[in-house]
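Listed features, source TrEMBL:
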| type | residues | note |
| --- | --- | --- |
| DOMAIN | 10-189 | domain 'Formyl transferase N-terminal' |
| BINDING | Gly19, Thr20, Asn21 | N(1)-(5-phospho-beta-D-ribosyl)glycinamide binding site |
| BINDING | Arg72, Met97, Lys98, Leu99, Val100, Asn114 | (6R)-10-formyltetrahydrofolate binding site |
| ACT_SITE | His116 | active site, proton donor |
| SITE | Asp152 | site 'Raises pKa of active site His' |
Amino acid sequence: MAVLPAAERRLVVLVSGSGTNLQALIDASTDPSYGARVVAVGADRDGIEGLARAERHGLPAFAHRLRDAPTREAWDAGLADAVAAHEPDLVVLAGFMKLVGPAFLARFPGAVVNTHPALCPSFPGTTGPADALAYGVKVTGATLFVVDDGVDTGPIVAQAVVPVEDDDDVASLHERIKVAERAMLVDAVGRLAREGYTITDRKVRIGA
Ligand code: GRF
């Protein structure tokens with residue numbers, strides 16, 4: 001295992017799909033001044049590009065499938081164990097398409113963040129870009145938030161805004177969101193790692 005500088009925060013990233021947000025974090029952390037490094041990648045399924053990216057970078061990677069667990073609670077606790085084994089300072093849900101539960105959140109209090117492809121509190125859930133398009137909003141974007149026990153309801157760390165174009169379909173809109181989302185994620189996670197943060201009521205404050 002690599003020996004990390006004391007100031008380099010350990011990130012465990014959970015994914016369910018292509019892992020382009022994961023890749024952006026891996027790429028950012030090749031610069032030692034970034035302040036954080038991806039130390040492991042987990043998923044809720046096998047055979048996805050997100051896990052392949054981890055393996056290509058020599059990172060520990062694991063799949064923890066709901067269907068292999070006797071109950072949702074057992075899956076949640078097992079996922080917490082699998083993540084905790086890598087001693088994260090911050091757990092980043094980057095396109096992880098399962099809700100983590102109370103046992104998971106209790107293991108990493110205030111240290112689980114999720115990126116969502118909409119401007120919270122608008123359009124929570126798994127169809128944010130499609131819902132924004134159907135509603136007819138003129139701007140949408142991405143939100144990084146500290147995960148709580150709701151669906152995309154936690155205290156907001158950062159947001160990025162993109163326009164909705166007249167000829168957008170869901171794919172083109174989501175792709176534009178993802179470009180902004182990756183930049184926002186890399187910037188915000190780096191700042192959280194380097195400067196620290198506090199959460200007071202719903203307010204996340206980065207730095208002293
Ligand atoms: C991101 O837009 C994320 O917010 C959403 O799914 C997408 C994942 O993209 N939940 P990727 O796997 O990081 O490429």
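Even glycines carry a Cβ here, placed using N, Cα and C.
Just so you know, TrEMBL annotations never went through curation; they're auto-generated.
When the binding-site residues Arg72, Lys98, Leu99 are checked against ligand 1, none has a Cβ within less than 6 Å of one of its atoms. Arg72 ((6R)-10-formyltetrahydrofolate binding site) falls within a helix when secondary structure is assigned with DSSP.
Other than the site residues Gly19, Thr20, Asn21, same-chain residues with C-beta atoms no more than 8 angstroms from the centre of those residues' C-beta atoms, the N(1)-(5-phospho-beta-D-ribosyl)glycinamide site, are Val15, Gly17, Ser18, Leu22, Gln23, Ala24, Gly50, Arg53, Ala94, Gly95, Lys178, Arg182.
Separation of the C-alpha atoms of Leu99 ((6R)-10-formyltetrahydrofolate binding site) and the residue listed as 'active site, proton donor': 12 Å, rounded to the nearest whole number. In sequence order, Val41, Ile48, Glu49, Gly50, Leu51, Ala52, Arg53, Ala54, Ala94, Gly95 are the residues near Gly19 (N(1)-(5-phospho-beta-D-ribosyl)glycinamide binding site), counting only same-chain partners six or more apart with C-beta under 8 A. Val100 ((6R)-10-formyltetrahydrofolate binding site) and Asp152 (site 'Raises pKa of active site His') have their C-alpha atoms 11 Å apart, to the nearest angstrom. Just so you know, of the binding-site residues Thr20, Asn21, Asn114, the Cβ with the fewest other Cβ atoms around it within 10 Å is the one at Thr20. The CA atom of Thr20 (N(1)-(5-phospho-beta-D-ribosyl)glycinamide binding site) is located 14 Å away from the CA atom of Asn114 ((6R)-10-formyltetrahydrofolate binding site). If you count neighbouring Cβ atoms within 10 Å for each of the recorded positions Arg72, Lys98, His116, the highest count belongs to His116. Here the Cα atom of Asn21 (N(1)-(5-phospho-beta-D-ribosyl)glycinamide binding site) is found 11 Å from that of His116 (active site, proton donor). For the pair Met97 ((6R)-10-formyltetrahydrofolate binding site) and the residue listed as 'active site, proton donor', the Cα-Cα distance reads 10 Å. Those residues noted as binding (6R)-10-formyltetrahydrofolate (Arg72, Met97, Lys98, Leu99, Val100, Asn114) have their most widely separated CA atoms at a distance of 20 Å.
Look at Asn21 (N(1)-(5-phospho-beta-D-ribosyl)glycinamide binding site): DSSP puts it in a helix. Using a 10 Å Cβ-Cβ cutoff, Leu99 ((6R)-10-formyltetrahydrofolate binding site) registers 15 neighbours.
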